[in-house]
Each structure stands twice: as C-alpha cells, then as structure tokens.
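A quick write-up on the structure given underneath.
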C-alpha cells in the first residue's frame, strides 16, 4: 500500500488549507512569498479595524487619559484640597535642612522657594494621651533633656516628637512667622501640617507661632521680629 502526500489547497486569505485537518500530520513545507505577503496584509487590516463592540469596551489609550483627566479635575473641585495637598507632599517632599539658628539653637531652613499656602512639612511623632505626656515631660527633665517637642492636636491627643520625629520639631517660634500649623484629618486620623503663610525664599528660616497658653512663669521670646511680644507664653 502506498501513501500519497495530500495536496495543499490555497484559501482566499493566503493560508494553506490542510486536507487532513492537522498541519502537523502533513510535514513541513515552504510558504511562497506572495502568499505570506497576502496573509500579512489581511492581518494588518483586521488589526486596524477592530469590531465596534470592542472599541466601546476597550477605548484607546488617549481616550482613557482624557477620561482620567476629566475625573481628576472633577475630583479636585469636589474633594478636600488639604487631602490632595497632603498626598502631594508625601510623594514630593519639600527640600529643607536644619542648621544653627539666630533665634534659638537649631532651626529649619528652606532649600527651595516655597509658594504661599503650600504644605511645607508634617509634624511627625508619637500620638499619646495627656496623662502619658505629663509623665514623659517629667521623665525628660530627669534625663536632662533640655527641650521636649510636644504638639497638642486636640484635648485628648498630643504628638511627642522628642525622641522619634522629623525635621519639623526644629522649627522655631516667631511672633511674625512665615508659616502656620493646621490640624487636618487623613483617613480618620488627625495630623499636624505646617503651611506657608507667604512666599518663602531659599535659605529663609521656617517659623510659626507656638501659641502657648498664658502662664505666670514666662518663657522669653528671641525671634527678634518688630512686633515681638517678648515671651512665648
């Protein structure tokens, strides 16, 4: 019994039609250049014109980007601007440095121009209760720590940056400051952020008003501004 090789029939799209129904059973054969070119042209035409329903479900990249821009603009207009600024501050921190200050000991200085009403830095530390803050303040005095960096968030919460904080704890007080502190809520958690009141130049010291409560024992103020109150409290 002799076996004959089945003939390969050509289709309209340039592909060979296999008689046996399986290309592997018919061995290897060379594809003519004209047939290959015809197949490639048909494939390109099909890729450039996807079905209408596919276009609706999968918009092209420029359409997606324009849609994202529209969503972002509507989100910016309707959402809290403080939250957006805080997210921007996390991804792109301001360039700051701490060095010796003419006001008091160490201070924080801008290494880049900062526009007005910008988030400068978050005041980072441990969130503790008033009872713990009183205990720590006494312990810091016993340990010989000259300054404790505690910032009150509300009646129940205080941020202690004395031993675990960032550069924000070096910001000095001024009676005529270029920044101010603001409490914002991010994911149901209160945070303290330092905002710029005005344009801040490079190498200018960052300052804000501590707003200490009035007490009998006064703490002298050394800010040197024209309207200096003389004391911090």
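Glycine is no exception: its Cβ is also placed from the backbone N, Cα and C atoms.
Some features that TrEMBL has for this protein:
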- 94-211: domain 'SET' (DOMAIN)
- 217-233: domain 'Post-SET' (DOMAIN)
- 46-67: region 'Disordered' (REGION)
Taking every residue in the domain 'Post-SET' (217-233), the average pLDDT works out to 87
Residues in the domain 'Post-SET' (217-233) per DSSP class, helix first, strand next, coil last, are 0 helix, 2 strand, 15 coil
